[in-house]
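This report concerns only the one structure given below.
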Amino acid sequence: MPLDLKNYPLLTNINYPEDLRLLKKEQLPAFCNELRSFLLNTVSQTSGHLASGLGVVELTVALHYIYRTPFDNLIFDVGHQAYPHKILTGRRDKMGSIRNFKGLHPFPWREESEYDVLSVGHSSTSIGAALGMSIAAEKEQQGRKVVAVIGDGAITAGMAFEALNHAGSLHNDMLVVLNDNEMSISENVGALNNHLAKILSGDIYTQLREGSKKVLSNIPPVKELAKRTEEHLKGMISPATIFEEFGFNYIGPMDGHNVIDLVDTLRNMRSHSGPQFLHVMTKKGKGYKQAELDPIKYHAVPKFTPDQDLPKSPPSSATFSQVFGDWLNDMADQDNKLTAITPAMREGSGMVSFSKRHADKYYDVAIAEQHAVTLAAGMAIAGLNPVVAIYSTFLQRAYDQLIHDIAIQNLGVLFAIDRAGIVGADGPTHQGVFDLSFLRCVPNMIVMTPSDEQECRNMLYTGHMLNQPAAVRYPRGTGTGIEINKQMSRLTIGKAKVVKEGKNLAILCFGTFLQQAYSVAEKLNATLVDMRFVKPLDKELLDNLASTHKEFVTIEENSIAGGAGSAVNEYFMSQQIKTSVLNIGIPDRFIEQGTQQEIYTLLELDSAGIEKQIVSYYSHLK
């Protein structure tokens, strides 16, 4: 239900940033209150990312107030915090559709708005892209400014520091804003600090600073004394001198919820040349007590009533993440050499309990997927048994390390790959539909696809007991609901399981689509196989099936291009087995947001769609 804009007298007249710039500066605090209230009430009705957006209301307003967007380029890293930005840039009345099928994209998206200059979703990309845009802006000489807004988590990644290092050496005009919500605003982020931030960013100070550099350049001892004096002044109010060493003019930290001071400081900084760095302190969930107290819980929320706690999910089957977390605890009880690594995805990967029960075996490396994988390599070389818990979409970021540091050395590292397949509302940047394709071509890798919770547990155990690289990939969400046997069984590598005997048509299923495929196999009197292993394939079974079946179907929740079905095709061709194979999976395109079921229906990956594809391909089955 759309919100009544009569309750938002200022916001109702703000459709685009040019409308915002018509407000008097003194009106901005009241406008921020309205924007924050609108954001809270909208997300509570629709679900979505909440706490991050609440924390950057003043910063977003100040940036659009001072910078001439969309002429100036404004980039938000990751994009969880971009809801206020979307509201201010022509999408206010569509916010009820965010993250929904055919609705607004969950993150800034270039195809959606000219104000979204970079499509995002993964972290730490903003500074590198901003530098590229600043280089182009310098060449076009039209006075275009470039701003990157990045959080304290995202800036810890190596890619962000690589970009900072490069930007400082090029000296292009650009502003990096560090949104630091790691802690609440501390005492040193008060009136004095905000005042000093305005002084340090002001024209008079800047002119004196640049002029003194020229005057003192020929007097090295005096120049060094002046530099140390400036560093001491900044050091009194900020520990972040590292950014000065990168070549940035550092300002801050300052209160990220004082919109008046932010406007004054940003106005000063917009007129400066060279790389600028503004450090603002914000509180995630600002203005909504429950979110301030538990920003992780309120990071992404379902529909809820703001004056009540979040609704509890109804009892359901265990999620695959929970299955992994339970296995990890049980395995750690047995194996003192087990270690578990996550790149900042403890909650999502089901590792909260493990991090407490086995704190000495738990390693959160922050947003550093490349490091996570090479860390595991070092552990394996030294005799430990590492498990890397990682989302499919984020494993893409560590592909070189997987090959160079793990596979080439044939190290015993287990990859527990969560969110494999269609993940839903986060859209193209988060769908985990490429891992089978990029894993199965890597020598020494064992790749497993469980069809249910028990098989997942047994595969994790099997992979952990191997002395070579292994991957178990499982989807987001709940499993089949079967009762899980705590006893772990080691599977025979490369052996599939015939689930149902049939005639002529054989359906080879990789993963949890086995449930959908079963009803189809019943209707078509087809043989159904739980393939279990993408690499190595059960070649003996394939040979036997090829001698008794004329037609094949492969089903997987992965890109058809290069996926498990392609592995079957390649094997049949290598053996000169002439048979017909239909590959069913993710088509060769990026998949939009929507619920998992909506996407399955769209791609004809539900039972009805799978049957339709098979009958359409093998027309005699109609």
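Going from the start of the chain as shown, residues are counted 1 onward.
Cβ atoms are placed via backbone N, Cα and C, with glycine included.
Straight from Swiss-Prot, the features:
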- His80, Gly121, His122, Ser123, Gly153, Ala154, Asn181, Tyr288, Glu369: thiamine diphosphate binding site (BINDING)
- Asp152, Asn181: Mg(2+) binding site (BINDING)
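On the structure: features taken from Swiss-Prot.
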{"residue": "His80", "record": "thiamine diphosphate binding site", "DSSP class": "coil"}
{"residue": "His122", "record": "thiamine diphosphate binding site", "DSSP class": "coil"}
{"residue": "Asp152", "record": "Mg(2+) binding site", "DSSP class": "coil"}
{"residue": "Asn181", "record": "thiamine diphosphate binding site", "DSSP class": "coil"}
{"residue": "Glu369", "record": "thiamine diphosphate binding site", "DSSP class": "helix"}
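Counting Cβ atoms from all protein chains shown, Asp152 (Mg(2+) binding site) has 15 others lying within 10 Å of its own Cβ. Take the binding-site residues His80, His122, Glu369: by the count of other Cβ atoms within 10 Å of each Cβ, the lowest one is His122. For Glu369 (thiamine diphosphate binding site) paired with Asp152 (Mg(2+) binding site), the C-alpha to C-alpha distance reads 17 Å.
Counting only same-chain residues six or more apart in sequence, the Cβ atoms lying under 8 angstroms from the Cβ of Gly153 (thiamine diphosphate binding site) belong to Ser123, Ala344, Ala366, Ile367.
Cβ contacts within 10 Å of Asn181 (thiamine diphosphate binding site), excluding its own Cβ and spanning all protein chains shown: 23.
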